[in-house]
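Would you mind keeping the following structure in view while I ask a few things?
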Amino acid sequence: MAFMEKPPAGKVLLDDTVPLTAAIEASQSLQSHTIAGLSLPLPPKKLIGNMDREFIAERQKGLQNYLNVITTNHILSNCELVKKFLDPNNYSANYTEIALQQVSMFFRSEPKWEVVEPLKDIGWRIRKKYFLMKIKNQPKERLVLSWADLGPDKFLSDKDFQCLIKLLPSCSHPYIYRVTFATANESSALLIRMFNEKGTLKDLIYKAKPKDPFLKKYCNPKKIQGLELQQIKTYGRQILEVLKFLHDKGFPYGHLHASNVMLDGDTCRLLDLENSLLGLPSFYRSYFSQFRKINTLESMDVHCFGHLLYEMTYGRPPDSVPVDSFPPAPSMAVVAVLESTLSCEACKNGMPAVSRLLQMPLFSDVLLTTSEKPQFKIPTKLKEALRIAKECIEKRLIEEQKQIHQHRRLTRAQSHHGSEEERKKRKILARKKSKRSAIENSEEHSAKYSNSNNSAGSGASSPLTSPSSPTPPSTAVEHAPF
């Protein structure tokens, strides 16, 4: 069966960028060992007193802290091993094996290509795999094949999706890395590009080898150093130019980060235009999904550009977003752009347009020298399909942001309700209420006692009569007291 004949399998509804969390709720003693359902390195042990309740509680606390560090680290939390450990039901498949099957079927219909070696874990995506390739009659040339299945944001029809994927090799732009070959079926896409020995912009920043695994390259760099100011200005301007080009074309991107920018000499070229067509979630989705004003693909690109600029400037990603204050930078013009994309005010009020960033002092004086004329012809029918798909992607983001906002409000309310200060307030109010109730009961009792004494002194009280009824003539006989 040829690659294109594979039956439809549908898109993957699971969003792999959604952060997972884990809480150790209890421990259990089993054959003299403490078990908390964790297959990670344990905190320090001790030989004597290792079954003491206090030691077990302290050990459990250490494990929880260790888990928290993993799940809040942006790179580690997206790692396949972590996902499989925390959510084995959804991440039990062998994705490399699935990719190999798909690629093998492709080679049956395209025999001129040959696999040199798999490039294991060079990317961060769990469901995207890479292979080093060669053409049989050009054995010295090296290419990279990437395979990925459909993601939760795939809203194009199968026909439009396949047409757009096959259109990508025709895209020509000085700041887009050229696609050599592209094809797709109802459940995945396969693209081939030239292999670049220099690697990506992220490889330059982290001084990494392109073929090394993603975690090894970027998770714990030996030396942290940003780029020179002129590099920041030039690369930033080139990236903004290509973003503007895509926005003007109505082509959704939403996948800007340093690993998706190939370095070709002194020129930056954008990678992975296919990601939005496949419906794959963005690398920075867990960041911008927190901010309801970042709700379009254009604003997503601008926010992601802020992350990229920060990494180029300081040699590392920001510790958290929004950023309250920025470390010293090579120029205040850099800080001005960072503030417009990553600050509390920017995240709260919304992102500037790409055209606005191009006018800022950091980029406005950069001279670009290129003779290549941009060309990317998209038929009118496919443009309309892209517009509708873009709206659907944005709608899913807005719904997710709404849910996060509601959850955050609920969590704040519960946290406030359970705070020590709030508990003290409730205790004081309860005591006041109890006191007031006691006083009211005492007064009521006194009033009843007083009425009882009055009744006893004046004889039996007269029966109640309706005010609207005439009072009957009195027939009562007064009895002398016994």
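The backbone N, Cα and C atoms fix where each Cβ goes, and this holds for glycine too.
Heads up, here are the entries from TrEMBL:
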type: DOMAIN; residues: 1-93; note: domain 'PX'
type: DOMAIN; residues: 55-448; note: domain 'Protein kinase'
type: COMPBIAS; residues: 404-415; note: compositional bias 'Basic residues'
type: REGION; residues: 404-482; note: region 'Disordered'
type: COMPBIAS; residues: 424-436; note: compositional bias 'Basic residues'
type: COMPBIAS; residues: 450-468; note: compositional bias 'Low complexity'
Going along the chain, which residues at least six beyond the ends of the compositional bias 'Basic residues' (404-415) come within the CB cut-off of under 8 Å?
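Long-range Cβ neighbours of the compositional bias 'Basic residues' (404-415): 289-290, 292.
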Mean pLDDT over the domain 'Protein kinase' (55-448): what is the value?
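Mean model confidence (pLDDT) across the domain 'Protein kinase' (55-448) is 92.
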What are the DSSP helix, strand and coil residue counts for the compositional bias 'Basic residues' (404-415)?
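Helix (H, G, I), strand (E, B), coil: 12 helix, 0 strand, 0 coil.
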